[in-house]
Amino acid sequence: MSLIDIQNLTIKNTSEKSLIKGIDLKIFSQQINALIGESGAGKSLIAKALLEYLPFDLTCTYYSYQFDGENVSRLSKYYGHTIGYISQNYAESFNDHTKLGKQLTAIYRKHYKSSKEEALSKIDKALSWVNLQSKDILNKYSFQLSGGQLERVYIASVLMLEPKLIIADEPVASLDALNGNQVMDLLQHIVLEHGQTLFIITHNLSHVLKYCQYINVLKEGQIIEQGNIDHFKYEHLHPYTEQLIKYRTQLKRDYYD
(Lines of atoms letter the chains of each structure in order from A and count residues from 1; the text may use other names and numbers.)
(Lines give C-alpha, C1' and ligand atoms only; values in the text may rest on other atoms or scores of the structure.)
Protein backbone atom coordinates (compact mmCIF):
# COMPACT_ATOMS: atom_id res chain seq x y z
CA MET A 1 0.00 0.00 0.00
CA SER A 2 1.28 3.45 -0.87
CA LEU A 3 1.44 6.17 1.77
CA ILE A 4 1.93 8.88 -0.86
CA ASP A 5 0.64 8.62 -4.41
CA ILE A 6 1.12 11.63 -6.66
CA GLN A 7 0.23 11.59 -10.35
CA ASN A 8 1.58 13.76 -13.16
CA LEU A 9 3.78 15.97 -10.97
CA THR A 10 5.26 18.83 -12.98
CA ILE A 11 7.56 21.60 -11.78
CA LYS A 12 8.31 24.63 -13.95
CA ASN A 13 10.44 27.74 -13.61
CA THR A 14 9.42 31.29 -14.53
CA SER A 15 10.41 30.66 -18.14
CA GLU A 16 7.91 27.76 -18.27
CA LYS A 17 10.74 25.27 -18.59
CA SER A 18 9.77 21.91 -17.07
CA LEU A 19 12.29 20.80 -14.46
CA ILE A 20 10.15 17.83 -13.42
CA LYS A 21 8.18 16.42 -16.32
CA GLY A 22 4.86 14.82 -15.38
CA ILE A 23 6.11 12.03 -13.14
CA ASP A 24 4.04 9.48 -11.22
CA LEU A 25 5.48 8.67 -7.80
CA LYS A 26 4.42 6.28 -5.05
CA ILE A 27 6.00 6.04 -1.61
CA PHE A 28 5.16 2.63 -0.21
CA SER A 29 4.11 2.30 3.41
CA GLN A 30 6.47 0.72 5.95
CA GLN A 31 9.31 0.50 3.44
CA ILE A 32 12.52 2.37 2.67
CA ASN A 33 11.89 4.06 -0.69
CA ALA A 34 14.75 5.66 -2.60
CA LEU A 35 15.08 8.32 -5.29
CA ILE A 36 18.39 8.26 -7.13
CA GLY A 37 19.92 10.05 -10.10
CA GLU A 38 22.65 12.44 -11.14
CA SER A 39 23.07 16.00 -9.91
CA GLY A 40 20.60 18.33 -11.56
CA ALA A 41 18.07 15.58 -12.24
CA GLY A 42 15.61 17.21 -9.84
CA LYS A 43 15.60 14.86 -6.84
CA SER A 44 15.59 17.54 -4.15
CA LEU A 45 12.96 19.50 -6.06
CA ILE A 46 10.62 16.52 -5.80
CA ALA A 47 11.13 16.28 -2.04
CA LYS A 48 10.46 20.00 -1.66
CA ALA A 49 7.38 19.78 -3.87
CA LEU A 50 5.94 17.01 -1.71
CA LEU A 51 6.38 19.25 1.33
CA GLU A 52 5.43 22.53 -0.40
CA TYR A 53 8.93 23.90 0.17
CA LEU A 54 9.68 24.93 -3.40
CA PRO A 55 11.34 28.31 -4.07
CA PHE A 56 8.88 31.05 -5.01
CA ASP A 57 10.15 31.18 -8.59
CA LEU A 58 9.04 27.59 -9.25
CA THR A 59 5.49 26.32 -9.76
CA CYS A 60 4.17 22.85 -9.05
CA THR A 61 1.12 21.14 -10.57
CA TYR A 62 -0.22 17.59 -10.38
CA TYR A 63 -3.27 15.61 -11.44
CA SER A 64 -3.87 13.98 -8.06
CA TYR A 65 -2.15 13.80 -4.68
CA GLN A 66 -3.06 11.25 -2.01
CA PHE A 67 -1.65 10.82 1.47
CA ASP A 68 -2.58 7.65 3.34
CA GLY A 69 -5.45 7.00 0.93
CA GLU A 70 -6.98 10.48 1.17
CA ASN A 71 -6.91 13.26 -1.41
CA VAL A 72 -4.97 16.23 -0.08
CA SER A 73 -4.25 19.71 -1.35
CA ARG A 74 -1.71 20.69 1.31
CA LEU A 75 0.61 18.55 3.41
CA SER A 76 1.85 21.37 5.62
CA LYS A 77 -0.66 20.50 8.35
CA TYR A 78 1.00 17.09 8.70
CA TYR A 79 4.52 18.44 9.03
CA GLY A 80 6.41 17.47 12.17
CA HIS A 81 4.32 14.92 14.02
CA THR A 82 3.11 12.98 10.94
CA ILE A 83 5.71 13.85 8.30
CA GLY A 84 9.33 14.50 9.24
CA TYR A 85 11.83 16.14 6.91
CA ILE A 86 15.59 15.68 7.12
CA SER A 87 17.12 18.24 4.76
CA GLN A 88 20.67 18.95 3.65
CA ASN A 89 20.59 22.34 5.40
CA TYR A 90 20.77 21.04 8.96
CA ALA A 91 22.94 23.97 10.11
CA GLU A 92 20.01 26.35 9.59
CA SER A 93 17.70 24.39 11.89
CA PHE A 94 19.05 25.80 15.15
CA ASN A 95 19.86 29.35 16.21
CA ASP A 96 23.16 30.29 17.83
CA HIS A 97 21.83 32.18 20.84
CA THR A 98 19.68 29.53 22.57
CA LYS A 99 20.95 26.32 24.12
CA LEU A 100 20.07 23.19 22.17
CA GLY A 101 18.15 21.65 25.06
CA LYS A 102 15.74 24.58 25.14
CA GLN A 103 15.34 24.53 21.36
CA LEU A 104 14.69 20.79 21.22
CA THR A 105 12.19 20.99 24.07
CA ALA A 106 10.32 23.79 22.29
CA ILE A 107 10.20 21.76 19.07
CA TYR A 108 8.76 18.73 20.84
CA ARG A 109 6.18 20.68 22.85
CA LYS A 110 5.09 22.55 19.72
CA HIS A 111 3.79 19.26 18.32
CA TYR A 112 2.79 17.38 21.49
CA LYS A 113 1.16 18.56 24.69
CA SER A 114 3.64 17.39 27.29
CA SER A 115 5.55 18.43 30.36
CA LYS A 116 9.13 19.59 30.10
CA GLU A 117 10.22 16.34 31.75
CA GLU A 118 8.33 14.21 29.20
CA ALA A 119 9.85 16.19 26.34
CA LEU A 120 13.37 15.80 27.75
CA SER A 121 12.82 12.05 28.07
CA LYS A 122 11.90 11.82 24.37
CA ILE A 123 14.87 14.01 23.45
CA ASP A 124 17.25 11.88 25.48
CA LYS A 125 15.99 8.74 23.75
CA ALA A 126 16.31 10.25 20.27
CA LEU A 127 19.83 11.52 20.96
CA SER A 128 20.89 8.06 22.08
CA TRP A 129 19.59 6.69 18.78
CA VAL A 130 22.13 8.84 16.92
CA ASN A 131 24.95 7.96 19.32
CA LEU A 132 24.86 11.16 21.36
CA GLN A 133 24.33 11.78 25.07
CA SER A 134 22.10 14.47 26.49
CA LYS A 135 24.76 15.61 28.96
CA ASP A 136 27.06 16.45 26.06
CA ILE A 137 24.45 18.28 23.97
CA LEU A 138 21.61 19.98 25.84
CA ASN A 139 23.64 22.67 27.60
CA LYS A 140 25.56 23.65 24.49
CA TYR A 141 24.92 26.09 21.67
CA SER A 142 24.85 24.90 18.07
CA PHE A 143 28.15 26.61 17.20
CA GLN A 144 29.92 24.56 19.89
CA LEU A 145 29.29 21.29 18.03
CA SER A 146 31.06 19.83 15.03
CA GLY A 147 29.15 19.61 11.76
CA GLY A 148 28.67 15.87 12.17
CA GLN A 149 27.39 16.26 15.73
CA LEU A 150 24.97 19.00 14.72
CA GLU A 151 23.61 16.91 11.87
CA ARG A 152 22.95 14.03 14.26
CA VAL A 153 21.16 16.40 16.66
CA TYR A 154 19.06 17.57 13.72
CA ILE A 155 18.19 13.98 12.77
CA ALA A 156 17.27 13.30 16.41
CA SER A 157 14.97 16.35 16.37
CA VAL A 158 12.99 14.70 13.58
CA LEU A 159 13.02 11.19 15.03
CA MET A 160 11.86 12.30 18.50
CA LEU A 161 8.48 13.30 17.01
CA GLU A 162 8.00 9.71 15.73
CA PRO A 163 6.52 10.75 12.37
CA LYS A 164 4.68 8.26 10.20
CA LEU A 165 6.73 9.30 7.14
CA ILE A 166 10.29 10.59 7.05
CA ILE A 167 11.49 12.35 3.90
CA ALA A 168 15.28 12.45 4.03
CA ASP A 169 17.39 14.42 1.55
CA GLU A 170 20.98 13.15 1.81
CA PRO A 171 20.59 12.38 5.54
CA VAL A 172 24.14 11.12 6.11
CA ALA A 173 26.08 13.09 3.51
CA SER A 174 28.06 15.07 6.10
CA LEU A 175 28.77 12.14 8.41
CA ASP A 176 31.81 9.90 8.45
CA ALA A 177 31.36 6.32 7.23
CA LEU A 178 30.88 4.85 10.72
CA ASN A 179 28.25 7.33 11.90
CA GLY A 180 26.62 7.33 8.48
CA ASN A 181 26.13 3.58 8.59
CA GLN A 182 24.88 3.77 12.18
CA VAL A 183 22.24 6.34 11.21
CA MET A 184 21.16 4.23 8.23
CA ASP A 185 20.96 1.16 10.48
CA LEU A 186 18.78 3.19 12.85
CA LEU A 187 16.47 4.38 10.07
CA GLN A 188 16.15 0.81 8.83
CA HIS A 189 15.32 -0.37 12.37
CA ILE A 190 12.62 2.30 12.71
CA VAL A 191 11.00 1.18 9.47
CA LEU A 192 11.20 -2.56 10.18
CA GLU A 193 10.35 -2.54 13.89
CA HIS A 194 8.05 0.47 14.27
CA GLY A 195 6.24 0.50 10.93
CA GLN A 196 7.37 3.93 9.81
CA THR A 197 8.02 4.87 6.18
CA LEU A 198 11.18 6.40 4.73
CA PHE A 199 11.66 8.23 1.44
CA ILE A 200 15.37 8.82 0.98
CA ILE A 201 17.16 10.91 -1.63
CA THR A 202 20.77 9.87 -1.86
CA HIS A 203 23.87 9.69 -4.00
CA ASN A 204 25.13 6.71 -2.02
CA LEU A 205 24.23 3.75 -4.21
CA SER A 206 25.77 1.28 -1.78
CA HIS A 207 23.27 2.43 0.85
CA VAL A 208 20.44 2.11 -1.66
CA LEU A 209 21.27 -1.48 -2.52
CA LYS A 210 21.79 -2.41 1.14
CA TYR A 211 18.82 -0.72 2.79
CA CYS A 212 16.07 0.12 0.29
CA GLN A 213 13.06 -1.95 -0.74
CA TYR A 214 11.77 0.25 -3.57
CA ILE A 215 13.80 2.46 -5.92
CA ASN A 216 12.94 5.27 -8.33
CA VAL A 217 15.51 6.42 -10.89
CA LEU A 218 15.33 10.02 -12.07
CA LYS A 219 17.04 11.39 -15.17
CA GLU A 220 16.62 14.94 -16.47
CA GLY A 221 13.34 15.44 -14.63
CA GLN A 222 11.77 12.13 -15.63
CA ILE A 223 11.49 8.82 -13.79
CA ILE A 224 12.95 6.29 -16.18
CA GLU A 225 12.77 3.22 -13.96
CA GLN A 226 10.92 2.06 -10.84
CA GLY A 227 10.82 -1.23 -9.01
CA ASN A 228 11.58 -3.24 -5.91
CA ILE A 229 15.10 -4.13 -4.90
CA ASP A 230 14.98 -7.56 -6.55
CA HIS A 231 14.29 -5.89 -9.88
CA PHE A 232 17.43 -3.80 -9.53
CA LYS A 233 19.57 -6.73 -8.38
CA TYR A 234 18.47 -9.44 -10.77
CA GLU A 235 16.63 -8.07 -13.80
CA HIS A 236 17.65 -6.25 -16.95
CA LEU A 237 17.94 -2.55 -16.22
CA HIS A 238 17.81 0.67 -18.17
CA PRO A 239 21.37 1.50 -19.38
CA TYR A 240 21.40 4.68 -17.29
CA THR A 241 20.49 2.74 -14.14
CA GLU A 242 23.15 0.15 -14.89
CA GLN A 243 25.71 2.93 -15.13
CA LEU A 244 24.67 4.42 -11.78
CA ILE A 245 24.81 1.10 -9.97
CA LYS A 246 28.06 0.09 -11.64
CA TYR A 247 29.98 2.99 -10.20
CA ARG A 248 28.24 3.12 -6.79
CA THR A 249 29.92 6.41 -5.99
CA GLN A 250 28.59 9.54 -4.41
CA LEU A 251 27.71 11.76 -7.32
CA LYS A 252 28.47 15.47 -7.24
CA ARG A 253 25.73 17.80 -6.05
CA ASP A 254 24.80 21.21 -7.35
CA TYR A 255 22.71 24.13 -6.15
CA TYR A 256 19.28 22.69 -6.81
CA ASP A 257 20.13 19.06 -6.08
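From the backbone N, Cα and C atoms, a Cβ is placed for every residue, glycine too.
Features as listed in Swiss-Prot:
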- Gly37, Glu38, Ser39, Gly40, Ala41, Gly42, Lys43, Ser44: ATP binding site (BINDING)
- 4-245: domain 'ABC transporter' (DOMAIN)
Among Gly37, Gly40, Gly42, the one of these binding-site residues whose Cβ has the fewest neighbouring Cβ atoms within 10 Å: Gly40
CB contacts for Lys43 (ATP binding site) [other CB atoms within 10 A, all chains]: 25
Overall pLDDT of the domain 'ABC transporter' (4-245), taken as the mean: 91
Fewest Cβ neighbours within 10 Å, where candidates are the binding-site residues Ser39, Ser44: Ser39
Lowest local Cβ density among Glu38, Ala41, which the record lists as binding-site residues, within 10 Å: Glu38
